[in-house]
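Please read the structure below before turning to the comments.
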């Protein structure tokens, strides 16, 4: 887009409004380079980035970015083979730190869906080794001792030598106190010296470095410290050389990544600029507009960003509308309206938010041209009319259907009749070429043109006749009218004179009356529209409040659920811990019978939470209510899925049952009755597939391959219980070889179990060390 329009509309001043919100020099540079584009994809991307950043601020209202300096020149020097100094390394260090902070922020971000911004966050590089290398430089511009072993060694020697010098000088201060003008150690030419009285200068051997202005004091470096000082000077030179070597070495390490670091700095600046745009939105109640690709413009309550206390106005430039002609007197805000339209378009096409209400739409124009203000060329000695016409002629040769044209006081500066005719002819040419134009004029002849011509609309700026002041409110569809008679009357002009004047232009008065009626209708419509907007705003506020309340309730609900889960988990952990202790006690009592161990385990398992199908529970409860159990009934033990028979009922309401070879004591809720006519096998609680063979009597096999350790141990425990209930003499456990963790767990479990007679690996042809055969006690 041409630079002249940006200067005319003062776009640089608008961009300056965003500068206070920037934190990085990279962001500032990108802001200054910002210019409007006609590429829809670029504009859409900028709009999407702002919307995502707004959503990010909702979840992270204090999101910030560490300040960084421009490093483009530093990276360029690296690529050219130059070595960096400490200050330049500190700039790179800051960029790497900022990049790492942003990556960490993005990794921990929750409840926000990002697409466009995610691309930038994910393009940031991570250089942990380089960050470690750059830690050698502290923020004070000092190379740390750990930068190299040699540097640390040299500095230790310097420290030791300086300590020796101090000790020697302190001793001399005490010994030669009467020969000194002051009891202090002074410094001259980088050397430690004593302030000796001139009369004793020959009493202290050493090098004279200075004499006081009075000649009474001679600054002598004692011979005892001269050699040490020379050693220190030599060590200082070694230190400087080693620091240069470190700078060269780290420069070589950073050099291959110069382009990536420069790119990271650009991304940091880009994120900073997006953040600044959203901060501007929050500060100025700006919006991200919708984008119309058919040049339709709809601006709701739009304001000029550079005008203090600007009046908000609505502008609608439909797809078929080619021209809006603003008529009426000067000083009413017509020029500001032109600039507001143009500047809003420039801001939007530059990817910036606009000062308008939600629902506003902007078009896309390849060029925006303007002839605004007095651009008279003094050098060419042209008149105002000639200057404007020269500019318009140039513009007419450049505009096309993809342009927006802004014309201020079209046809002014010449004979009113000829000026009006020229203005209409120019507007007609633009209309036929379908070029969107907003023009201002004070010629009344253009009112008729706006009324009679298709795709052209009149507009005006409201004037308050009561206060004799413009209101700066834009009235689209209503042509401007003359207020001369009303103003003259209010200023005290005789009513006779005003009446005589009005009779001379009765026809114009009729037009003014029509315009006045249109103004009243427009004002009434505007009031209704404002009321509707107020209701919409209230609804929006209510919706936001409800949404916020809903989210807060959900968060509170989730928090309470998490607390409940944690408390439940603590209870379960305590119960399981108690159960482990009970089991240890049970196992330690070898006289207990197998069925007593199994019954105890079944009760302990009830302590652990288990997912329950409530609907099935209701069905089971209804089924139980159909008939009370009695002695001799067949039952299914719910804990194991085993069938048995009720043998007797105890006084406390519990039942004794024969389950296989084991007698068990059960509560009524722990079993289900089996219908006498039901011949189908009861569906057991599935633990693992049990395979029976007829080779050595009843056998079972448990396959633990592919299981997690905890899952495998739980299944093993249940499987052994079932084997004991079924009175099995021997079972096979397949655990595989793998890492050996499950195999070791199986071995430890079997060693602890008092009912295991023996166990060992299967024969080689039956699984070898990948399977264990277990034999139970008789």
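Even glycines carry a Cβ here, placed using N, Cα and C.
Sequence-distant neighbours of residue 332 (ATP binding site) (same chain, 6+ residues apart, CB-CB distance under 8 A): 460, 461, 462, 463, 470, 472, 480. As annotated by Swiss-Prot, ATP binding site applies to 328, 329, 330, 331, 332, 333, 334, 335.
Among the features that Swiss-Prot reports, domain 'Smr' is placed at 702-777.
The C-beta environment of residue 333 (ATP binding site), restricted to residues of the same chain at least 6 apart in sequence and closer than 8 Å, consists of 311, 461, 470, 472, 474. For residue 335 (ATP binding site), the same-chain residues 6+ apart in sequence whose C-beta sits under 8 angstroms from its C-beta are 372, 373, 408, 440. Cβ crowding, taken as the number of other Cβ atoms within 10 Å, peaks at 328 among the binding-site residues 328, 329.
Across the domain 'Smr' (702-777), the model assigns an average pLDDT of 84.
The Cβ of residue 334 (ATP binding site) has 27 neighbouring Cβ atoms from other residues within 10 Å, across all protein chains displayed.
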